[in-house]
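The block underneath contains the structure these notes are about, expressed in C-alpha cells.
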C-alpha cells in the first residue's frame, strides 16, 4: 500500500481545501448579491427652506429643517417659493391595477367602445377639457408598495422592494405626505392598508382593508365608498386618500377581459362622479380642491403584474381641477409622463418643498392658472432640487463653475461628459430665465420678450436628461464587482470538483490494488454525460437575459432529451437480454428474490420490458402536452396554446376537465397503493382520507362559480378548511406511522439467496416501501391541493405532472441497475422544473397567480399578512 503509485490526500488537507472552497463560495455569493441588488443612495432628512435657494458647492444636503410651527412654516414656504399654492385640498383616488389605456386609449386611438361606455362621466370630463390625463409610466417592479413610494417621493426603488411589499415597513425618506403634515395638513386614508404601514400615526382618520384576499371584489371597495358622504360633509381634512382594490382583484381572477371588468369600471366612474360633484359644490372652497385619479400599475392580459411590459407599466394619472381646464383639448392625446412626476407636481401645487430624492419632472399642463413667470419659477425650483441630488451623485459637479460664457446660450455644441453636459443644459436654462446672466451686449429687453419659451424648453431639456441619468444611476450595477464575485464562485466550484476528483481517484486506485479487474461501474454512461453537459449548458444560459426570460425551453429540452436517452438505454437493454439466455435466467432470479413496490415476483421479463418502455413513452407524451399547454416566457406569450383555447371555451368544459383530473389523481394514487400490496389498516385509512379529500375538491369545484362577482361562499370556504385539516393530519400520520408498518410487514418476505443476510434485506425493503408511501402520499395530496388553488385551466397539467412522477418511479423500480441513483434523482428534479413551467409559471413576476390566495379563509386575516 505504501508503495502505491498515487497517494490519497490526507484528511486534514481535504478538510482545509474544502473549507477554503466553501468560504470562497460564500464570499463570492455575498459580493454578487451586494452588486446585483445595489443600495440606492439617498439624501437624508427632509427638504426645507433651503430648497428654494441655489445650493452651494459641496453642500448638497442643505441645512436643517427650521423648527417652526406649521402655520409659520407654511407662510415661509409660500414667501420663498414665489409660487402661490393653486389648491387647498387634495383628493387622491388610487384605482389599483387600472391600465391607462382603459381611459385614454393607446397610440392615439380611443379606448374600446365597451370601456368608453363603462366610464361615461370620466370621458365627459376629458371631452369637455375639464381634466387632463397622462400615461404615467411606472418603473418595475410593478407592485403596489414601491409604486406608492414613487408617487409620493418621486424616487424609484429596486427589486428588493418586491420582498418588502409583503412586509411593509414605515417609509422614512422625504415624501409629499410628510411635507403636507409638517405644514399642518390633516390627512385621511380609506382603502389599502399599505398606506397605514408606510405612514403609521400620520393620518387624522383611517380605515384600512387587506389587499391579499383577492377573491373579494365587492366588500373591499364598499368599505371605502361607505365613508364618502361623511368625509365630504366634514371639513376637517386637507388630503383624502381613496385606494380602491376591487379592479385589481377582478384582474387577478379573470384578467383584462373578465366579465366583471365593465361593471367594476362603472363603479369607479360613479365614485369619480360623486367625488367631483362633492368637491365642486363646496361654496366656501369653490374650485380649490384637486381630484387626482391615479393607478399604481397596469396589468397583463391575464390580470397579473410585477414585470416591465407596457401593459404592466401603463398607469394612469388624471388631474381634475380648475388649473387644468383649457379652451381646447383632445381627450385622447397621448400625454406621456413618468409616475415619479406626480411628486414634484403635487408639491408645487400645494406649496411644499419638493422631496429631496425626487427624480420626477413637473407636468406643465396642470399649471395653466399660473403666470408665465410663475411657471418658470416652478421649473427653476425643480431644477434646484435636481441640482442638490446631482451634487450628491457627482461630488465634482458645481453649478457656480458652470455660470460662464463657455456653457451659455452662445455655445451650440453639447459636451460629451455628463458633468459638462449638465452644466451646459442648466446654464442655458438659467441664462434664458434670467437675462441678467447673459454676457452679451445686445438689448436685454428685446431678448427677454422671446426668452420664456426658450427657457421652458431649456429647463425641460435639462430636467429630462438629469432625470434619465439619475434613474439609471440608481439602478446601475457595479460590473467589476459582479465579475469578481462570479470569478470567486467559479474558482470555488473548480476547487470542489478537484477535491472530489482526487477522492474518487484515490478510491479507484485502492480498489484496483485489491482487485485484479477494473470495475466497469466507473465508466461514464450516455445519460450521465448528458446530465453533466446539461448542467454546464444551464449555467451558461444564465448569462443571457433572453435565456432567463425563456428558461422554460431549457428545462423542457433537458427533460425530454434525458428521457429519450433513457428510452435508448432501455431498448438496448432489451436487445441484449433477448440475445442472452444467461441474462434471462438472471432476470428470473432477480425477480424471484427482489420484489419491489412496482414489480411482481411472478412478472416475466417480456412484460417487465414492455412496462419499462410504456412508462418512458407516457412521460415523453405527457411532457409534450405540458409544453404545448402554456406558451410561457415573455417574447411568445401571445402565441396560441391550449390554455388560451380553453379560456375561450364554455365553462362547463373547463369544469368537466377539473373534475376528471381530480378523479384521475385519486385513481392513480389508489393504483399506486394497490401495487404496494398493502395488508395494513393504516394504509387503508390513508387511502380513505385521500379519497375523501378528492371528493371535497370536486364539491368545491362544483359549487364555486367561475368569474363570480361575489366573495367566496361560506360553503366553499368550509370545504377548503376541512380539506386542509384532513390533509395535514393524513400527511403527518403517514410520515410518523409508515416506518413502523413496513419492517414488521416485511417479516413475511422470503430469505434471499444472495450473500446479504435475510434480516438486512427485509429491513431495507421495508425502508424502501416506507419512503415510497411517504413520497407518493405527499405528491398525491399536493396535486389535490393544487387542484383546489390553481386556475381551472391548469387541472390537466397537474394530472400530467403526477402521472410523470408515478411513471418515473415505476420505470426506475422495474430495473434498478439500469440507472444510477444520482441519475434518478436528477431526472425527478428535471421533471419538477419542467412541470413548474408547464403550469404557466415564468421568471416574470407578472406570471405569479395570487387568485387562489386565502381560499380557506372567510375574512381578512391581518396576522397572516
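Every residue gets a Cβ built from N, Cα and C, even glycine.
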Range annotated as transmembrane segment in TrEMBL, from 452-469, 506-523, 524-541, 578-595: 524-541
Stated TrEMBL location of transmembrane segment, expressed as one of 391-408, 409-426, 427-444, 553-570: 553-570
Transmembrane segment per TrEMBL - which of 603-622, 623-642, 683-702, 743-762: 683-702
Matching range for TrEMBL feature annotation, transmembrane segment, among 362-382, 656-676, 824-844: 656-676
Proximity of the transmembrane segment (771-789) to the transmembrane segment (479-504), 3+ C-beta pairs under 8 angstroms: no
Rounded mean pLDDT for the residues that make up the domain 'GPI ethanolamine phosphate transferase 2 C-terminal' (528-854): 79
Within-chain partners of the transmembrane segment (479-504) [C-beta distance under 8 Å, separation at least 6 from its ends]: 8-9, 14, 17-18, 20-22, 24-25, 27-32, 34-36
